[in-house]
Amino acid sequence: MNALRLLSPAKLNLFLHITGRRADGYHLLQTLFQLLDYGDELYFEIRDHGPITLAPALPSVDFEQNLIIRAARALEPYKPKPLGVDIQLTKRLPMGGGIGGGSSNAATTLVALNHLWQCGLSKQQLQTLGLQLGADVPVFVNAQTAWAEGVGESLQPIEIPPKWFLVVQPDCHVSTAEIFSHGDLTRDTAAIKVAAFLERGGQNDCEVLVRKLYPQVDEALNWLQQFDRHARMTGTGACVFASFDSVEKAQWVQTQLPAHLPGFVAKGVNQSPLYKLLPAS
């Protein structure tokens with residue numbers, strides 16, 4: 001095999017609790033990463049020799065700083081032959097939306113090139129490389145909906161009943177660094193067990209602050225909560241979502257969206273397509 005076409009899926013944080021802060025400044029979290037059947041698409045075609053190429057280039061991102069390129073570079077020391085690769089990106093997910101676009105692209109690249117270049121790295125090794133690229137990359141390498149703790153690196157795969165989600169994209173870019181460094185952020189939520197979340201749910205500890213700082217997010221949530229009172233923000237935003245028991249209901253609500261609020265409907269899945277490509281050990 002010398003080529004692969006893969007979905008690079010989005011994720012949602014079904015809840016996000018900040019339970020503390022380590023001495024090094026990193027926040028301790030609890031969250032449930034829900035993978036979706038919607039995302040970007042990446043096509044990889046191996047070259048017998050030559051460089052790593054990516055098309056199209058993202059105009060706002062330096063080539064070498066693109067997470068796709070950084071992931072490919074991280075694997076280069078492990079490839080047994082001097083192979084290159086041409087990568088084509090079909091971008092559907094917004095940048096800075098809190099739904100994991102860049103992190104998912106990096107994870108998809110790690111898993112795909114480990115397979116195509118025959119690098120022979122284990123899933124754990126790929127996750128370790130991924131963590132160097134971003135805190136959310138390991139969950140996409142893991143390729144399973146998962147309960148996460150610590151700084152997001154402790155992952156417990158979890159199977160939950162399928163839901164349909166309407167994800168809405170407010171017209172703003174939320175700075176994760178700004179939110180996590182803000183003095184008003186809640187950092188002392190009590191830790192909960194999986195069973196407690198499944199019974200009673202949770203909240204997003206970043207949401208109150210983001211709604212105050214970004215009126216576009218507040219507006220989008222106010223609109224969505226007409227249809228789902230549990231609608232909430234994912235990650236540090238800006239995207240927000242509502243869940244439904246049927247695709248028909250999700251699509252109907254999508255048709256009611258105001259013209260200035262784009263959105264998409266996706267199904268929650270317990271595994272992404274990457275799962276079948278992961279090494280056995």
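Heads up, the Cβ atoms here are built off N, Cα and C, so glycines get one too.
Counting every protein chain shown, the Cβ of K11 (active site) has 28 other Cβ atoms within 10 Å. What Swiss-Prot lists as active site is K11 (among others), and the listing cites sequence analysis.
The number of other Cβ atoms within 10 Å of the Cβ belonging to G100 (ATP binding site), over all protein chains shown, comes to 30. Positions annotated as ATP binding site by Swiss-Prot: P94, M95, G96, G97, G98, I99, G100, G101, G102, S103, S104.
The annotation active site is assigned in Swiss-Prot to D136 (among others) on the grounds of sequence analysis. For D136 (active site), the same-chain residues 6+ apart in sequence whose C-beta sits under 8 angstroms from its C-beta are K11, F33, G100, S103, G152.
Applying an 8 A CB threshold to same-chain residues 6+ apart, the list for G98 (ATP binding site) reads N13, V174, M233, T234, G235, T236, G237, A238, C239. The binding-site residues listed here are P94, G96, G102; among them, G102 has the most other Cβ atoms within 10 Å of its own Cβ. Other Cβ atoms within 10 Å of the Cβ of S104 (ATP binding site) number 30 in total over all chains.
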